[in-house]
Amino acid sequence: MFRIVGIRLEMHFTFLLLLGYAAWEGWSGVPEAPWLGMAWFVMYVLLAFGCVVLHEFGHALTARRFGVRTRRILLTPIGGMAEFESIPRKPLQEIAIAFAGPAVNFVLVGLILLFVDFPGPHDLLMLSFAPSAIFKQLVAINLVLGCFNLVPVFPMDGGRVLRAALALRLSYLRATQIASWVGKTLAVLAALAMLFVVGNPMGAVLFAFIFYAADREYKMVRQRETEAEFWRQWMERFQAPPPPPPSA
Ligand SMILES: [Zn+2]
């Protein structure tokens with residue numbers, strides 16, 4: 001889409017499906033004023049994703065401090081993803097980068113609460129374009145984003161914190177495998193709960209995405225580790241010291 005402080009911001013095409021879904025929900029959900037409902041729902045999604053973008057810049061700019069460049073920030077219906085050119089292999093750096101995103105959301109909450117009161121349930125159900133109502137929505141959006149991302153499940157930041165914490169003791173691959181198992185198990189349980197307890201198929205789709213992301217994260221790391229191991233062995237053989245000369 002465009003470039004901010006040297007980082008490319010891109011939108012996955014399914015993001016447009018989400019906007020369409022929001023427009024439809026607004027249109028059909030507010031029969032007394034369908035156009036108003038539609039505009040409000042679309043505005044809400046755009047506001048939420050504005051906060052997601054700021055969250056991702058929190059990761060990207062922290063990563064830059066450690067010398068890790070961000071290839072792009074990709075927006076998908078389940079949120080943003082900052083894609084780094086390299087993965088910091090220092091667990092403490094990875095933890096700092098992962099925490100930086102939610103930290104942005106909590107800082108935003110703090111800043112907005114200087115100007116508006118803490119929102120109550122009534123404020124959040126109100127479809128209002130008044131600035132104070134919008135700021136109260138922003139408080140809720142940022143609280144949800146900050147907390148949800150700290151859940152210890154890939155691809156959420158909490159999953160990365162979990163992996164990095166495990167990697168302090170285990171190999172990076174093993175740490176990723178365990179974090180990925182935790183994520184996949186929780187995603188399956190949450191998707192089943194969404195389908196059979198809550199009755200929200202969109203929620204189940206979200207957790208299917210999370211399952212897929214957890215699986216992909218592990219497979220990517222495994223492939224990278226296998227390649228790295230291959231080259232390491234190859235280099236070792238190539239650089240092996242010559243056999244000692246036979247002693248006379
Ligand atoms: Zn994040």
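The backbone N, Cα and C atoms fix where each Cβ goes, and this holds for glycine too.
Note: TrEMBL annotation is automatic and uncurated.
Summarised by DSSP class, the composition of the domain 'Peptidase M50' (46-116) is 42 helix, 13 strand, 16 coil. Annotated domain 'Peptidase M50' per TrEMBL: 46-116 (among others), in sequence order.
Among the features that TrEMBL reports, domain 'Peptidase M50' is placed at 132-188 (among others).
Taken from TrEMBL, the feature transmembrane segment covers 38-62 (among others). Beyond its flanks by at least six residues, the transmembrane segment (38-62) meets 4-5, 7, 9, 15, 18-19, 22-23, 25-27, 29-30, 70, 73, 75, 79-82, 96-98, 100-105, 108, 127, 129, 134, 137-138, 141-142, 145, 149, 157 of its own chain at Cβ-Cβ distances under 8 Å.
The transmembrane segment feature in TrEMBL is assigned to 95-114 (among others).
Feature annotation from TrEMBL assigns transmembrane segment to 134-154 (among others). Same-chain residues lying 6 or more positions outside the transmembrane segment (134-154) and placing a CB less than 8 Å from one of its CB atoms are 43-44, 47-48, 51-52, 55, 101-103, 105-106, 108-109, 112-113, 115-119, 123-124, 128, 160-163, 179-180, 182-183, 186-187, 210, 213-214, 217-218.
Beyond the ends of the transmembrane segment (189-214), by six or more residues, the same chain brings 21, 76-78, 153-156, 159, 179-180, 183 to within a C-beta distance below 8 angstroms of the stretch. Here TrEMBL flags 189-214 (among others) as transmembrane segment.
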Contact set of the transmembrane segment (95-114) with the rest of its chain, CB cutoff 8 A exclusive, min separation 6+ beyond the ends, reads 51, 54-59, 61-63, 66, 68, 88, 135, 138-139, 142-143, 145-147, 149-150, 157-158, 160-161, 164-165
Compute the average pLDDT of the predicted model within the domain 'Peptidase M50' (132-188). 90
